[in-house]
């Protein structure tokens, strides 16, 4: 699943992204700068071990939980559902072929928000036995069917008639509101079952390891489209109502319940066949079939790519990709019927920006990877979720690089996933990649940057360590051995070890079973013609040098490059101890040494001052490769946040990027300056850091200009949007004046803004605008036909400054004008827009908690809302206030997020106390030394 990147990034941070739930970080991606920010959000790492919050620093208490008994299990579900799109209810009939493995007088299944009318069990060749009681265990989402006599071992048929509600919670079998081309409001019936919500659509054994086949039928209005995992095999009039039809679908392969899906609504589609003969369709809102063509092209290229990479064919006859109006995640990989937010699937050739195209390509790549890795072979239990999501979050980039090499997507991976994961994993309240999961309320907590982004990063490191040839061989072994079955992390290691002959399990267990990652300290000495390096590792902690007695240790694949061949590894080693020495032969005294070529190893590097000094010219003259320039700067920034190096030193390094041409390097720099700006919004010299931002970004802004030049491509468009947004927000006068001029022409219809310029222009005019500006933006929102444009506007509304307008935006967030999943983006944008916005957003959340929690309870959106709204605070007492509020207003699925937010607030406060004065002095001295105009 792709977890959609929620929110307008706190505008004071930067600007942009994506989750399957890409969680792989909701809307069309914010313009790229935000892509980072959403995914790397303010894990502001600062200066001391944090135990002052008492119990909040401890992990959430595990709730008692037992998996389903194994005495009865399903072989096949024959399921017929009849949704009522007016009353928002549904009727269901289930006939499940089941195996009684151990004699029993009861059957325990998962069931939530469903009323069972009748239930019976008929042993094969024997009489039907009617259940005499239904005992609902609502807390555990189970039902126990009791029978008057013992069910003997063997096969039989379990029949259940039931009714349920088409809820408005974006989980289970739910209703999704849409507007027809004529303006009429109607509802579709759609599903979202991962992780544990199939039980809201039908009673079932709702655990990933309890696989079965499915024969699905839907009774629907005859003028509606009905879809499920498989192709339609029959469609006939429904005997009891001439306005209905019964649609039957082919039997599925053996699969897990969370991958079942059905959709009933009004849609157009575009279709093609992949070169392997698979029918590919993209379903769109009525009248918008043209907007499905880009995703169709990507999907048609992607299926054969994965088939060739895994050397395993796609196992179904068709695959449908469909845009759902109300959808909590970014997308969901249901086998053969992949569901998406509209903004993760639809591209308007004229009105979609470059970052939206890229986002759609990544999300399509992510979900289609799951058709093999997750659907064909499924994790045995949610503890191994990272296997699904980490792998898909890595290979989506491999796929997009294949389809769109011009995107330079692997450099973007470092900024969007790798550094985001490191920020979260440096916290005391992080968790290992493999985390024990029991009760359903705990599952949503692990759809986070550790499962997705750290998982993807360690897979990328592993791929580099093994080599592509042996990696592909191992993947084929794994998928072939476990197809239509379930697997655990160790099974993948065994296959890769068999293919490569390397100690994969020993190396990777240090990365998946313990939280955190190492900081590699490196010093160098010249000994005649050789360079001798002394390496040591310690756990990297956001609160400063790790001082624990039980310091964990990793087996770290390390690559070392030199200025002689910056793109080639001079040496590759596996660091298995806490300290080691390495001799690099024939390295001249004037050559620089760089660890972690390509920023592939999941660690940070702390160079001696002389080694760092020798690397800085490689930034200025661009002899260091882009991804290494990015990694060097990002490591330094994180070391500063942790109090290991001075923030002033990092600001000096940032000034060395004046000649930087690479979009992703600028994007990461922008994110870090945004984080620093948010921190300094708590001081009285916020304007000084804005002056620094203008000085850093002005030269590249002048080189780029406002309009595309001949020969420019995708990355130039992303860079221009990033730079103009950064300059406009910081109050750069020429940018502000031009943005206002172009905005007026856009509103007047004289010259419509290109899609790539809309976010930076909207942001700039709102940040420096008044009530009239906000009213115009809200009018543009109301008139927008594309959800991408609505989301683009929603994400920047929080930039507005006057207190009364901030309140207006917050009220708008909960209005009917904003789709439920997008409310989080609007509130998060307000919290990130300014210091005043942060306070107002937090008060708004407290005042409207009951409504917000009722809307998002139990889903990952509640965690997103909390994170976006409070993590920018930098005062110790705010951590205590946040902790106290959630003690009296529990949000079980967000417990870990709340602890991480409180930790980050304390880290921010420590950073501010430690470095604020020296930053202020540096900015004043720098300002005084500049010539006055």
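From the backbone N, Cα and C atoms, a Cβ is placed for every residue, glycine too.
Among the features that TrEMBL reports, domain 'Aminopeptidase N-like N-terminal' is placed at 74-259. Sequence annotations record features per position, and here TrEMBL assigns domain 'Peptidase M1 membrane alanine aminopeptidase' to 294-511. Positions annotated as Zn(2+) binding site by TrEMBL: 366, 370, 389. What TrEMBL records for 367 is active site, proton acceptor. Here TrEMBL flags 452 as site 'Transition state stabilizer'. The domain 'ERAP1-like C-terminal' annotation in TrEMBL covers 592-905.
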Most crowded position, judged by CB atoms within 10 A, among 366, 370 as binding-site residues: 366
Number of Cβ atoms other than its own within 10 Å, given for residue 367 (active site, proton acceptor): 32
Mean predicted confidence [pLDDT] for the domain 'ERAP1-like C-terminal' (592-905): 95
Residue 367 (active site, proton acceptor) versus residue 389 (Zn(2+) binding site) - Cα distance in angstrom: 10
Whole-number Å value for how far residue 370 (Zn(2+) binding site) lies from residue 452 (site 'Transition state stabilizer') (Cα to Cα): 13
